[in-house]
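Below you'll find the structure, written out as structure tokens, and then a few comments.
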Amino acid sequence: MIQLSPLLLLPLFSVFNSIADASTEYLRPQIHLTPDQGWMNDPNGMFYDRKDKLWHVYFQHNPDKKSIWATPVTWGHSTSKDLLTWDYHGNALEPENDDEGIFSGSVVVDRNNTSGFFNDSTDPEQRIVAIYTNNAQLQTQEIAYSLDKGYSFIKYDQNPVINVNSSQQRDPKVLWHDESNQWIMVVAKTQEFKVQIYGSPDLKKWDLKSNFTSNGYLGFQYECPGLFKLPIENPLNDTVTSKWVLLLAINPGSPLGGSINEYFIGDFDGTTFHPDDGATRFMDIGKDFYAFQSFDNTEPEDGALGLAWASNWQYANTVPTENWRSSMSLVRNYTLKYVDVNPENYGLTLIQKPVYDTKETRLNETLKTLETINEYEVNDLKLDKSSFVATDFNTERNATGVFEFDLKFTQTDLKMGYSNMTTQFGLYIHSQTVKGSQETLQLVFDTLSTTWYIDRTTQHSFQRNSPVFTERISTYVEKIDTTDQGNVYTLYGVVDRNILELYFNDGSIAMTNTFFFREGKIPTSFEVVCDSEKSFITIDELSVRELARK
């Protein structure tokens, strides 16, 4: 069972009253950030305003209702009090010309006014500086500052701050490095497979420190790098209690096709990132998680928080939504943990857990915008052909299409594997029945191979006519524990209209996938089934909760 870090939770399962009518915009997620209208892709500058207690997300945007990627590309802007309900504020940064773009970048809180852009009239917690790629004839790195808490920006009159005469250097991510007392930028030299590391005292003058080159899974190009320091949940000693993580996005070239994020664990000394090994580790093994970015200026108890674009460049421009395209993933909390990777080895792994509660919402209940409206729980159920779990949130025809499930189960028969025996059980997410038809997402666990199979096949014409949508995906999982009864596994999932986020074994593996039911259908019921005369799975704990806006 996924257990959220202390910062995050009051019941993880608090979350939305009558979410939008299922007959209108039925594919729009309700607890994931989406644009009010137009196109959205990479998350850009993201920060927490500690004074106003407000979360800011900028994103690649074109508000044109055609809802496809096209210039001019702007920075759209949304804010939230609780990371689940978002207010849209239009464009915050725009290019000089309509055939150009303000490409991806980041935002920092320049609390000590190292840039010299601010005076005492601007609160230190609201000294906002954006660092971005200006995409004109070349790609140059530029900066802008805000005097109104991040709602608009003034471009630096001596831009660019970095110009290497390249059309393929972009996506600067900037952070403050205490140990070397300087700003650090990681930026992609995309088609040379380089992450370039720069340092600056003032966000204006930058010196190249080192290059992280040709590491991991290359794909076609590197994009959207990131760098942060994370605590280790279960350190092996008192000496090493944290590690640095460098992140990369690659597109195209994912093993599943299109877009994916990978990460490296190591050390950073203010000049060079030193990876612990050469292994390729993927952040999220689904099809719809790209261009991850972390928040700047989070509270210490909030830890490292971030989100990603929940789509894939293979089909992002053609998904069947109305007047808008794309959503972000849920905000996730990030740590590191030693986990078993197979029966004989263990290693540090990125742990991801969705954020439903922050320091402020724990202190002030009125900030919460979500609640549980229906719930179902079962414990110690021996699953077989005659015993199953079934829930239906559409009995009053007012289902929200948003629910979560939290499952812990034990494989009690470890000697299975004969061809005449069932070795699988399934979790099924059903739509309501419309015009005599129902659609289903399938999550099947095979005990013989300890593998989850996910099938997001629907009858929507978009999916039927999109050969690159990759409807069937699988992942091996190692047991999370062993008891006298058998091997233990966990799975936490969030279903939100057209997006499914899965967190296996307490968040050591994450998988994000979109799906598109047709004819106004939304997810309304959840079922657990095993077609076996003999029980080999015990559901230790299962909770399913339907969520709605207050």
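Every residue, even glycine, has its Cβ placed from backbone N, Cα and C.
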With Trp39, Met40, Asn41, Asp42, Gln60, Phe103, Ser104, Arg170, Asp171, Trp313 listed by Swiss-Prot as binding substrate, identify the candidate in Glu223, Glu233, Glu371 belonging to that site.
-> Glu223
Around the Cβ of Asp42 (active site), the count of other Cβ atoms that are within 10 Å | 24
CA-CA, which of the glycosylation sites Asn112, Asn113, Asn119, Asn165 lies nearest Gln60 (substrate binding site)?
-> Asn165
Cα separation, Asp171 (substrate binding site) to Asn113 (N-linked glycosylation site) (Å, whole number) | 23
For Trp39 (substrate binding site), the three-state class that DSSP assigns | strand
For the glycosylation sites Asn113, Asn119, Asn333, Asn398, which one has the sparsest Cβ surroundings, going by other Cβ atoms within 10 Å?
-> Asn119
Going along the chain, which residues six or more apart from Asn112 (N-linked glycosylation site) have their CB under 8 A from its CB?
-> Pro124
